[in-house]
């Protein structure tokens, strides 16, 4: 007998049915399957698809697209691929906006578009300095509630009783339009955006707020952005594009009658008014629904606004000093360069100073002037500057890097090389065709760069067509100011984007119909009012002084 059998313990009848270990095989399989499915779901998400879309579209262009011929062909192709990569990430927001804005720092050197040093330098220039100094000044305005005081006054003037959202939009956008007539666009946006956000601070922010309120906030910020750009069309000093047009006209046609401030105003101001009216209608349709007045009235009452203004009391010394610094900044901005006949104060420094010079200088004063509150305390200290929107500054730098890459890679020349088809365009269709081309290019380069690039080509086309050069040059310059779709198109767009109230889709939704309306307005105004103001229907020799024959400068 086996020893183990001697001590055997009786077995239950159903022992054969009892497993030695718990049955976990099926549970384990199900667990592994669910884990696998969850992993697949985490990988195959819309966001990951958008992340992959950028490099995938870039490499498709890299391997399958050929642009032009010659030594710059490969660089143009690479630049187009990088553009597709960056803009796909910007539009889909697959990667945080500031991170996408830094991508040219590694994409440009890797694709042979520019050296690392060269592309890094484009992230800091005079315009970046202007925005940086302006943001510091805006923080001072916000810290001392100057924007709140101004916002309360504007709101009381335009909100109506009962509350009228379209009228309030008209008041803020109209004020922005007027300021932009006399100042460049970026300073105008920097000054007026805190006023708009001061009004919007009264409403609940974020996704938890009422839908109608959030829509109105979007409309307010978009209105300030676009009113800034539209107001700049009105006068020669409103934007650098108009000054470039006048300078090129004088350079290429020295015997022609120069474009004076009054001449441009008679054409630009009516055109700008028409586009501004369209802007207001678009904002009212998209962002002021029937229930908007009731939704806003819960947070804004005229009697309550008056009480709040009274509670602010008289302006303190610190507030007055901040206003004085800002006023000095505005005056210096407006008088740095006036006209060719009346040079500004920058001639004292041989033209070496820029708007950024003034902006940073006045911002520095805030760290020197006493606040008058406590002994040794200044108007600003660096701890108050922690809210500086560095992501927006990176976004602006990326826009400049892309503009420089488009130009140096030769892609800009390729995009504009086919303008010869304009020779076969009917006379009345020339203005919208030129405006469309210029308006397309300006979304990817700065307004000034687009104007500098396109106008000489349009002069050549005018010579071939034997039409008045201004008939092409004016639509080309104005089209370059229709940068309404992308936040990187202009610094003023970036200022509005930095508020957090709008996204790229909001700009596309509002900017696209506004762009189309602007082109339509120019199509009507240029052959009619433009022909009267600039004499574009007169024989070419009649547009010169003293009856001298017209000659192209070739």
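Each Cβ is built from the backbone N, Cα and C atoms, and glycine gets one as well.
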Looking at 369-387, 388-406, which stretch does TrEMBL describe as transmembrane segment?
388-406
Could you pull out which residues elsewhere in the chain have a CB under 8 Å from any CB of the transmembrane segment (127-146), counting only those six or more residues past its ends?
186-187, 190, 193-194, 312, 316, 318-319, 322-323, 325-326, 329, 354-363, 366, 379-380, 384-385, 387-389, 392-393, 396-397, 400, 491, 494-495
For the transmembrane segment (49-67), which partner among 87-115, 261-288, 347-368, 388-406 gives the most CB pairs under 8 Å?
87-115
Taking the transmembrane segment (166-183) as reference, which of 309-335, 347-368, 388-406 has the most Cβ pairs under 8 angstroms?
309-335
